[in-house]
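Participant: Pulled from Swiss-Prot, these are the listed features:
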- 41: active site (ACT_SITE)
- 49: N-linked glycosylation site (CARBOHYD)
- 67: N-linked glycosylation site (CARBOHYD)
- 112: N-linked glycosylation site (CARBOHYD)
- 300: N-linked glycosylation site (CARBOHYD)
- 363: N-linked glycosylation site (CARBOHYD)
- 398: N-linked glycosylation site (CARBOHYD)
- 430: N-linked glycosylation site (CARBOHYD)
- 531: N-linked glycosylation site (CARBOHYD)
- 1-19: signal peptide (SIGNAL)
C-alpha cells in the first residue's frame, strides 16, 4: 500500500500551532525558521499556482538532527511564510524508524507523464533520497542494505499538502551506477527538472565521496537512464552533495548558460571551517554538462564560491519559475557547529531568497545574486540614518542606533588612502561587542569579522574573519548592501558577484553602529540605513 500522510495526523505529530510567538532571542525576523526543532537543507523548492513551496530537512521530535522528514512552508511573496504540516514523515517515526527522507527536489508534472494525476489534477512529484538505517525488504520487493541511500519519489494531488509515496516501485534509482555501487551509503540529493529541448526529465545526483555527479533522464519520473557523469573538479576538500543544474540568462539578454552547483562538507571557502557551495558555468545538451574552460581550475584547491562566508550551504533552486526569475535559497548554518548554536526551541534558519543571474564581470561569466524578498512591504521608505562624506578621515564616527533588523547600503571610492573601511554593526554602546563588515583596499576583498560579535563560546572556530574578492566597479566605487537580522549578517558586494553570509549571536542591547576608516582617509562615502520590519507579525 502506498503511504498517504494525512495533514491532521501529521499536524498533531509535529505540534504545528496556528498561533506562535516568533520573538525569542536570536529568532530571525525576516528569515524563515521553523517554529521549533531541527532544520537543515532546503528541499523541493517549487512555485506552483501562485504559491512558493519550501520543504526542508526536519526533525519533528527534537532540536538536533534525527528522524529526518520533510518539513513544509508556503509563501506568496518569498517573504511572509506560513509553516504547514510535515509533508513526508520519517517512516516508523515514534517507534523504530525504517526510512528517513533526505534531501531532494519537486516538480509539477503538468503533462502527467508519471500517470499519477487524477480527475484533471496536476500531480506534484517529489524526488528525494531514501535513507534506510536498517537492512530490509521494501513493499516494492526490493532489498536494501543497512545505511543505504537510494532515490525515491512521492506525489501530491492537493497542491503539496499531503503526499503519497510510490511504494509500488520505490526506490526508482536504487543504487549508484556501475562501477560505483560500493558507494551505496553516499548516493544522494536528487535535483530533478524538465528539459524543454529534449522533452525529458533530468535528475542530477551526488556520488558524494567520489566528488562526482551522476546525470539521468526519464520520460515519466519513474524509469531512469544514466546518461553522463560530472566531476571531480575544483574544490574537493569534503564530500560533494546537494547538487543543482539550471539555465540562466547571460547579461540580461537572450543568450543563456547552464550552471551546476555543488555543496562541500567540509571544505568550504578559504578561511572557513565546515561546509560551503561552489558552482560551475558551462553548456548542457540534455545529457552532458560541459564546463567552460575558465570555470575549471588546475588542482583542487580553487573554486567558484557561491558565497564566501561560513553559513550558506545546500543551496537549492526553484522549479516552476522562468529562467529570468530564478531564485535560490540556502541553509544559513554550518555543519561544523550547527548543532550547537544557542537558539531555542529551533535550530537553523534559511538565508534570504536570492535572485540568480549570470553577468560578464572582468571578462568572465560570473554568477550574481541579489535579495529577492518583497522589500517594499517590510523595509522603511525613508532611511533611519543617511550620511555622505567627501572625505571620511581616519578614525571612527558613531551612527544612530539601528535596532536589530535593518539594511545598510554603503559605497565609497576604491582610490581611498585608507587600508580598510568598515561599518561596525550590532554593537554594544562601548563597542566591545560588534560585527565588522567592510573592505580591504590593498587586497580588494570584502571582509566580515565576527570575532567580537557576541556569544562565540559554543565552537572554537566560530570567532573568525571571512574574506571574499571584490574588484571595484567601472566607476571606481565599492558598493556593499548589508542585511542584518537578529542572528545573521549577509553582505552583497558589487552587482552581487561576491556575497558573505554569517550567523552572529549578539546581546539584545547591541543596537549601535559606527563607521571606521583605518590607515588613512576614505573618499566619497555614502551610507544609508533602512529599518526592516518583522515578517512574522
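Cβ atoms here come from the backbone N, Cα and C positions, even for glycine.
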Participant: If you compare CA-to-CA distances from residue 363 (N-linked glycosylation site) to each of the glycosylation sites 49, 300, 398, which comes out shortest?
Facilitator: 300
Participant: Tell me whether residue 398 (N-linked glycosylation site) sits in a helix, a strand or coil according to DSSP.
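Facilitator: Its secondary structure by DSSP: strand.
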Participant: If you count CB neighbours within 10 Å, which one among the glycosylation sites 49, 300, 398, 430, 531 has the smallest count?
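Facilitator: The glycosylation sites 49, 300, 398, 430, 531 were compared, and 430 has the fewest Cβ atoms within 10 Å.
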Participant: Would you mind listing, in sequence order, the residues at least six apart from residue 67 (N-linked glycosylation site) in the same chain with a Cβ closer than 8 Å to its Cβ?
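Facilitator: Listed in sequence order: 59, 60, 61, 90, 93, 97, 100.
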Participant: Secondary structure at residue 41 (active site) (DSSP, helix/strand/coil)?
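Facilitator: DSSP assigns residue 41 (active site) to strand.
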Participant: Consider the glycosylation sites 112, 430, 531 and say which one has the Cα lying nearest the Cα of residue 398 (N-linked glycosylation site).
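Facilitator: Checking each of 112, 430, 531 against residue 398 (N-linked glycosylation site), the shortest Cα distance is to 430.
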Participant: List only the single closest residue to residue 300 (N-linked glycosylation site), chosen from the recorded positions 41, 49, 112, 531 by CA-CA distance.
Facilitator: 41
Participant: For residue 49 (N-linked glycosylation site) and residue 112 (N-linked glycosylation site), what Cα-Cα distance in Å is obtained after rounding to a whole number?
Facilitator: 16
Participant: Round to a whole number and give the Cα-to-Cα distance in Å for the pair residue 430 (N-linked glycosylation site) and residue 41 (active site).
Facilitator: 38
